[in-house]
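J.: Following this message is one structure expressed as structure tokens.
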Amino acid sequence: MGLLRIMLPPKLQLLAVLVFGVAVLFLENQIQKLEESRGKLERAIARHEVREIEQRHTADGPRQEVALDEEDDVVIIYNRVPKTASTSFTNIAYDLCAKNRYHVLHINTTKNNPVMSLQDQVRFVKNVTSWKEMKPGFYHGHVSYLDFAKFGVKKKPIYINVIRDPIERLVSYYYFLRFGDDYRPGLRRRKQGDKKTFDECVAAGGSDCAPEKLWLQIPFFCGHSSECWNVGSRWALEQAKYNLINEYFLVGVTEELEDFIMLLEAALPRFFRGATELYRTGKKSHLRKTTEKKLPTKETIAKLQQSEIWKMENEFYEFALEQFQFVRAHAVREKDGELYILAQNFFYEKIYPKSN
């Protein structure tokens with residue numbers, strides 16, 4: 001542009017700048033259209049795959065009821081919270097599915113909307129419970145908790161999840177929107193080009209780093225009620241705690257992901273046999289790291305911690321962490337700095353009537 005200023009008169013310089021600006025906007029628009037087309041293509045391929053599976057099972061006449069062993073009649077739902085190491089964990093499930101003989105399915109919602117419409121809730125519940133060809137199944141996606149019992153389902157799925165320190169999660173998400181990660185480095189992100197650091201955003205009172213953006217893990221566990229998404233709702237916090245204890249099989253934390261995987265392998269070997277060793281030996285390939293991430297200053301953290309929203313999200317995180325550590329303490333023993341799963345610690349006796 002310096003050369004243009006020397007060679008061109010002012011009017012032509014202005015025209016050149018305008019043309020350049022229009023060209024940039026045009027290119028950004030074309031890139032956005034390509035991304036939308038790619039998303040539509042992915043959804044079309046997924047629908048085609050589903051139809052192919054259904055056609056294979058109806059080609060020879062009416063669909064036969066598939067009798068499943070009790071061990072195979074299991075569905076796990078991992079309603080993953082964004083930026084909690086969810087991709088790292090899900091990749092392990094994909095790597096193990098062929099070996100351990102189960103199916104992995106991604107729940108791809110339009111624009112990553114975590115709240116399903118009522119009609120989609122009905123469809124989803126019906127799919128998950130009646131799609132026997134996909135059992136045992138591991139479903140994952142950015143979807144808030146859905147209570148299957150309200151739809152009259154006899155056998156509910158097993159819910160699992162992972163959560164993260166709320167400020168660390170927000171910082172990671174902030175930079176992810178701008179710079180992406182090492183998983184798909186070439187993909188253009190929504191905020192790409194915005195070089196403002198998280199500290200600068202907080203200091204300026206920006207919307208992308210506002211305390212309201214912390215409100216995510218609570219509504220994901222609270223569910224599909226309107227009050228769950230009312231930022232700062234004490235009812236939503238208590239409902240999220242209730243669901244975590246009563247509706248989730250296990251909830252881990254990002255900071256102790258290996259222990260979470262170890263407990264799942266011990267309790268649900270049908271799905272997770274070999275997961276701990278895979279995580280340990282393949283750590284570099286499974287971990288997904290946000291690029292260009294800068295840790296926030298103490299001043300930035302202190303400012304966010306003044307928010308009532310942070311206090312509530314942190315209360316939920318501490319509640320989940322305490323519960324996870326309680327479960328772990330009763331499932332493992334430590335020796336020489338290593339954790340080992342406890343053997344079966346109960347047995348049956350005094351069995352009557354006596355067999356002859």
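Note that Cβ sites are derived from N, Cα and C of the backbone, with glycine treated the same way.
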J.: I want to verify the bond table. Which candidate from CYS209, CYS222 sits on the other end of the disulfide that Swiss-Prot records for CYS228?
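T.: That record, Swiss-Prot, gives the partner as CYS222.
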J.: For the record in Swiss-Prot, which of the ranges 24-51, 164-191, 192-219 is the coiled coil one?
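T.: Residues 24-51 are the ones Swiss-Prot records as coiled coil.
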J.: Have a look at the recorded positions ASN108, HIS142, CYS201, CYS222 and say which one has the shortest Cα distance to TYR279 (adenosine 3',5'-bisphosphate binding site).
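T.: Minimum Cα distance from TYR279 (adenosine 3',5'-bisphosphate binding site) across ASN108, HIS142, CYS201, CYS222 lands on HIS142.
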J.: Out of CYS201, CYS222, which has the highest number of nearby Cβ atoms, where nearby means within 10 Å of its Cβ, if these are the disulfide-bonded residues?
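T.: Comparing the disulfide-bonded residues CYS201, CYS222, the most crowded Cβ belongs to CYS222.
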J.: Starting from the Cα of HIS142 (active site), work out which of the recorded positions (ALA85, ASN108, CYS222, CYS228) are within 10 Å.
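T.: Final answer, ordered: ASN108.
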J.: If you average pLDDT over the topological domain 'Lumenal' (29-356), what do you get?
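T.: Mean model confidence (pLDDT) across the topological domain 'Lumenal' (29-356) is 87.
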J.: If you measure HIS140 (active site) to ALA85 (adenosine 3',5'-bisphosphate binding site) at Cα, how many Å is it?
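T.: Roughly 13 Å, rounded to the nearest whole number.
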